[in-house]
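Undergrad: Input: one structure, supplied below.
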Amino acid sequence: MSNRFKRMLSKDRAPRADHLRLDDELSGQKVSASLNHNEERLRDIFRNCSDVRLRPLHLGEGTRALVIFVDGLVDAKGLEEVLLLPLMARGQHYGEHPQSSIKELFDLQAVAARQTELTGDLSELVRGILGGQVALLAEGEEQALLGNMSDPEKRPIGEPGTESVVRGPREGLTESLMTNISLIRRRIRSPKLKFERTTIGELSQTRTSIAYIEGIVKPEIVDEVRRRLDRIRTDAILDSGYIEEFIEDTPHSPFPSVQNTERPDVVIAGLLEGRVAIIVDGTPFVLIVPLTIWSALHAAEDYYEHFIYTSAIRMLRFFLLSVSFLLPSFYVAITTFHPQLIPEALLLTIAAARENVPFPAVVEAFLMEVVFEALREAGIRLPKPVGSAVSMVGGLVIGESAVHAGVVSAPTVIVVAFTGIASFSLPRYNLGLAFRLLRFPLLLLAGSLGIYGMGFGVIALIVHLVNLQSFGVPYLAPVTPRLSGNLKDIFIRMPRWAMNERPAFLVGENDTRTPKGQNPANNKGADNE
Amino acid sequence: MRISGRQLFWLVFSIEIMLAMLYSVSATVTAAGQDTWISMLLAGLIGLGIVLLIVKLSMRYPQQTFVQYSQTIMGKWAGRLLIVPYFIMWIFLNSMVLRNSADFVYLALFTKTPLYVIMVTLMILVVYVVFTGGLTGIARCGELMGPIILVVILGTCLLSINHLNWHLLTPVFWDSGGTGILKGTLPAAAFYGDVIMFSMVFAFMSNPKQALSRTMWGIALSSVLVLFGAALVIMTFGPELPARMWAPFFGMTRFISVLGFIQNVDIFVVVIWLFSAFIKLSLFLFVTVYGTAQWLNLKNWRSLIWVLAPLILIFALLPQNATAPIKDYVQQFWLPYVIPINVIGIPLLLWGVSMMRGKSSQRKERPE
Amino acid sequence: MSVRWRRTSLIVLLLLLMTGCWDRRELNEQALIFAWGMDLNDDGSYQATAQFAIPHKMGSNSGGAGRAFFTISGNGGSIYEAAKDIQLKVSRAWFAGHRRAILIGERLAKSGLAPILDEYSRNPIVRLRTDILVVKGISVADFLALSYPLEQLSASAFFRIHQASDLNPDLTMRDFLMAHASEEDCPVLPVVTAQAKPLSDEDKQSGAGLRLWGTAIFDKDARLVGNLPQKKAHTVYWIKGQLGSTIRPVKIPGEENEIITELNRLSAKIKTTVENGDILIGIQLGGYGILRENNTQLDLSRSQKIIMVQNYLNEQTADEVKGVIQEIQALGTDVLGFGLAVHRQHPQEWRTLKKDWPRHFRKARVEVEVKARLEETGMTGSSLVLKKNELRP
């Protein structure tokens, strides 16, 4: 046994060098002075890459040069007008500097690209080209000029598909990293807002940005995020979900420790509370850490609507959360273990409905829950017009015919339907998923031990949650441990002028966000006299 | 592992409330009749006195647990010898609480399910939290469940208001007299004796100065609630019936009926009881395991769980029927031995010796 | 380590689950009992009767004709044996958690309820809020088999009739147990009755004269010693402070017909004095009256007439209450709470009095004062049906 255990441990060895990594293949190689050699080398590297264009040209005074770029990633018109034309006509413009080199071009900032840099490193050059930059090599030069003229295709900014609001900003994040950063920057015009760049994925070289507001965020959390991102070794990142799985605190828990959102205002609200956002190129879903479970009750709109209404809605959500988790098992437990709990008239109705049903209540509820999940899944996957047909057929067949045929009882259908509606009403989809998944084991517990089984399940869940952490922040904070003295933004939302501090469990110093004494009732001023 | 003052308060509250609420009323009513509430008041005061003794003693050595400072005070070997009665108490208290909780759940909810199933499942939960969370996890559970326990108890009391008869509390004092009231105080006060378990917990306080006030508040709140609960029980059932009932407060919740619809809310009391029993058991298991590890000088206290938890389970399975554990245990074990020796005797002795040694012992402790 | 630990605990849990389901019982595997009857047979054995609901005859989609319940009786030497005998005749395990009425035969009540009450308070599933009723003039089994047109289950009918008469029906069991356990009080139970056999089919359908008849008085051994019809029973509950409202006719001297008043917000105060073992009990009853019917020629638009009616009301009610109290005193059973009052007001004397309380109760002197106030006379002053010359000034 111990041997097996040791083997398990030894599998956890250091990450192996990957031969697909660009840096390993080209490490240490330099741009040579011979343009021919360089061209040969690059043609070899980009063998069969039909989208990479190598365009030889002569600079103004006749020096041979080579422009390399990826077709489609760069602004073609700009390339012609800004780079190629002036370079070829350079002799006329810069005639007084016949010895000018690429270095000089760079020093003089004579290339009209958005951003230019010099590199002598081959791997850096290749990476730049693939990142959408235009490379310029010249005969006899050991350095290449990289000009940023990237202009990839992007989706226009639209309304986010998830997290819709009635009132509030309607812009959604897009797949483009730069667009997303600009959407955030536009709302926080402060140099305190930082975007740190990293690249993840050996093949995909996905650009990723860590965003935080200096002075609000706890430096430990940023360090932790950096550390966890640096640890990732994989071939490609296609969505922020890939990253989420690498940086989670407790990978085996169904509860997420990372929040994702498609809304720039949610990202910013998180940053202002001292959280850290991870923006990944190629996906509109930005990750926000740390996450606490209470955000399952919080929607973006909560902060835009009136606080009394919002507080009421939050209590409703809290109730619905419990319903989506507990209702099916509660139904099974009380009908099969403790019928004395049901008021007499209701009991007789349920008993009448159950009279000819062939399944035990727990099996019946389990089947119906599975059918419900199947309907939901089918509705999402199918194309929209077919999807509605599925829900029609599902609703009619399951809801009407099955009850009429006596295969399932009407109360079970009602319970399952209400549970479904309740689970849809939670604003955080990934947290709702956890509760939706956990209601199945709870259903089994309730079916075997009744209310006691439910109590068992709930206590086990509480123990699990109490032990969870997200980036060093306890998952149930600030309710337990009570780190800040108040709960102004958990079960209810206090008005803006009363939420004076940032959440203490996230923020180190600088915790005042709204100075006190702004209650409009006390500030009516002269017209009150 | 650190716990805050607020967490200590909720731990004390949720550990003391349920057992006293359910089981002390019956024994006290037998002796004190309608004056039970006076007995409960006195019992609460006695509970506060015990807290004062234990906290004052523990605060002389705020960085040490009971096992450690008993050795600091009495020397290595005498100190260790003093822990022997505590070790016995820990094991028995654990198994009795486990047995009581399982019995209660069994009687309230089940007829055919074997008792051991309830005990084993309860033990799994307890081991789960002690192993994965330690004291921090237990304290957080307490902080989360304590308010729920409080709300449900207050709710039950509120809901049972509509059929109260104030006259049932009269005549005051005449029937039972001083002796009756005092006789009733004893079984009620005995339930607060297990606050001695906290002598192992104070060392984990992040702010030891709060230990006294928070423990006092916890005991005060639970004894006030027990007092009100007992008064409500008597106003519902009179001074005769509760003495013959197995858990009068539970009987009262079964009696609730509001609008003819909110009925049989006793199931929620069972769930709350489960919460309280869970916290109580896990803290006691933690104290037992951690204390034993310190006693035996073991580094890895967690591994002791796998020895002690099965032992506790076996002891809990031994008694024959449901009335034996609670009544016999209190009468034959808790009242004559544990209260005078473990709760009052040894702490007083330790305090006395520590006072005599005075500052020298405190100075010795500093460098560590 | 932690993965392995988690895996083992999961396996243990699953094993527990698979062997589980000991207490699971589906609703359609249970027979729901809504009323329970106990009576004594001629040979001294018990007869138990249970009223079961028939679920598929209930609910909205039933539409089926016929009764939604059936009754089954069984005999045995103890309650438990009689119950076992019933189980032999029922296809499903029964569930008594919704039993809201327990009916006791008159014969059983006379022989004493103490031996059968224990079961009803011990079972944790059974509610403590149960209505216990004594059945008079008809056997319990026949009584439970009656159907009632308004309610699907006749068990609900017993309960609701009791409720509609402004009493707390679901407290009778607790009150009975409390009085039985106390050293002062004697218990009472409501009495229901129905037309005795033979019944025509029509009678069975229409409830066959099902009615709340009055109150049964028990002694300290829980034996039935006397019955009070409903009108007198109201007096008892008024004195005990458990009555919501009552209807009182007032006779006016010189008038042929009566004035009918309804008294609400009833109150009762008992003041006791103990002197050398002599007990004087002063009862002060209060209430607020509404004039419901005026069949006399009085013109009640004048306030002194109303005061006159009020005085007559108080006098006549006091006499009547006194009569009822004397009747109860003759039985020697303190169902009126006099003992409790003496105990509370004279705890020291009570210690000697309690040893022989029934005797003291019998010879206690009782004074009754009624202070009801007539506040409303309805929408008219004098009667509208009378001609002007018929009105008395």
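Cβ atoms are placed via backbone N, Cα and C, with glycine included.
Taken from TrEMBL, the feature region 'Disordered' covers A:148-167, A:508-529. Marked as transmembrane segment by TrEMBL: A:318-337, A:413-431, A:443-466.
Can you tell me where each of these features sits in the structure?
TA: Secondary structure counts, DSSP: the region 'Disordered' (A:148-167) has 0 helix, 2 strand, 18 coil.
Using a Cβ-Cβ cut-off under 8 Å and counting only residues 6 or more beyond its ends in the same chain, the transmembrane segment (A:318-337) has close neighbours at 296-297, 350, 354, 360-362, 365, 369, 411-412, 415-416, 418-419, 422-423, 425-426, 432, 435-436, 438-439, 442-443, 445-447, 449-451, 453-454, 457-458, 491.
Non-local neighbours of the transmembrane segment (A:443-466) in the same chain are 253, 255, 293, 326, 328-330, 332-334, 336-338, 360-363, 365-366, 369, 474-476, 480; each lies 6+ residues outside the stretch with a CB under 8 Å from one of its CB atoms.
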Undergrad: With Cβ-Cβ distances below 8 Å as the criterion, list the same-chain residues six or more beyond the ends of the transmembrane segment (A:413-431) that contact it, or say none.
TA: 162-163, 255-256, 259-260, 293, 295-300, 316-317, 320-321, 323-324, 327-328, 331, 365, 368-369, 372, 376, 398-399, 402-403, 439
Undergrad: Who are the long-range neighbours of the region 'Disordered' (A:148-167) in its own chain, taking Cβ under 8 Å and residues 6 or more past its ends?
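TA: That would be 69, 72-75, 78-79, 82-83, 113-116, 131-134, 173-176, 179, 183, 261-263, 266, 284, 299-301, 304-305, 427, 429.
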